[in-house]
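Some features that TrEMBL has for this protein:
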type: COMPBIAS; residues: 1-13; note: compositional bias 'Acidic residues'
type: REGION; residues: 1-22; note: region 'Disordered'
type: REPEAT; residues: 63-96; note: repeat 'TPR'
type: REPEAT; residues: 131-164; note: repeat 'TPR'
type: REPEAT; residues: 165-198; note: repeat 'TPR'
type: REPEAT; residues: 201-234; note: repeat 'TPR'
type: REPEAT; residues: 235-268; note: repeat 'TPR'
type: REPEAT; residues: 269-302; note: repeat 'TPR'
Amino acid sequence: MSDMSNEPEFESDEGIREETEEEKLLNEISELSKRGYQLLKEGLIEESEECFHQIIEKDELNNYALVGLGDAARKRADFRQAVVYYQRCLETHPGNNYALFGLADCYKALNKYNQAIRIWEEYLLHDDSNITVLTRVADAYRKVRDFKKSREIYLKVLEMEKDNAYALIGLGHLHYDFREYREALKYWERMYELNQNNVDIRVLTSLGNCHRKLRTFEKGTFYFDKALELEPNNFYALFGMADCYRGMNAHQESLQYWDKILKKDPDNKVILTRAGDAYRNLEEFDQAEEYYSKALNIEFDVYAILGLALINKLRGNYENAIESLRGLMRNDPKNHRLYTEIAECYMLLGDKNKAIEILAEFQKLGIRNTFVSNLLDRLRSGNR
């Protein structure tokens, strides 16, 4: 007789066991992932990578682990390896924002700005209001000198968030890079207004540099001085201050700052020649020669040779000056200053014809220069 009871018929527990194993695996992966990201956050990169590799052994295409390994490699500045992990993640998870963000950042770090732009724009398809990404895209366009697109995106960010620091700074750099110093000043000044009590030193040096380029040197010294209050040995502030005083023909003051740089960096040949120029302008020729010679002991320097030639000219050693200047012409045949200095030496030697010859030689190069043309006209008309 068949069993007609209504008791439930139990299924095999094999399926339940399989589900439990799967859940166990997922939980294990989840815990490893959490631990890996926490370790990464704490800067324990190798330990975090160990967690992510354990996940990959269990699930080779796990997007959390691949992004984690990419982030770890990026923190180690191994950007090429990071690219491999992010790309592997995007092969199976093409819209993964974390992988896209990381990949774009790697391309930026590798100076592959066009590739970074392409990835960030792909990211923006999923999230077009992400201000962090928008400013990075604008930065990348700035790096590839696409003024219009860069400015457009920075301004879009400012519409979304008034006085966004990254957009203001980016616009300052953008206009500065394109030599629009007055426009750049507007954005740097806004940053200064917003943060007067806690201003970033780079904002101060950027303001100073704009005034340096605009030749409003006294205003430049105000900002460089503020920067030096924050960091007394900041190279850019010391250089800017020295260069402003140089522009104001205050050579004694400029020397204070050139010498401060040289105390920290005694073999900086650019600064050695600048200090030499200051001593030359103060007519302290022996000191100037010492600095020019130090620069030349490091390596050949056009400005050091020029400085020594000008000292010879000022001392009345015109033939020696001409010889040095002609030597420089072989390396820099289009430098108009070399021709005018040689012409002036010939004029001081009373040889007007040779002065005319050297200036005519410059004009044969097809380069138009007002100073050279005016000097040549004066000589030909009999005026000195």
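The backbone N, Cα and C atoms fix where each Cβ goes, glycine too.
Under DSSP, residues within the repeat 'TPR' (269-302) fall into helix, strand and coil as 28 helix, 0 strand, 6 coil. Non-local neighbours of the repeat 'TPR' (131-164) in the same chain are 101, 104-105, 108, 111, 113-114, 116-117, 120-121, 123-124, 170-171, 173-174, 177-178, 190, 194; each lies 6+ residues outside the stretch with a CB under 8 Å from one of its CB atoms.
Remark: secondary structure over the repeat 'TPR' (131-164) totals 27 helix, 0 strand, 7 coil, with classes taken from DSSP.
Remark: secondary structure over the repeat 'TPR' (63-96) totals 27 helix, 0 strand, 7 coil, with classes taken from DSSP.
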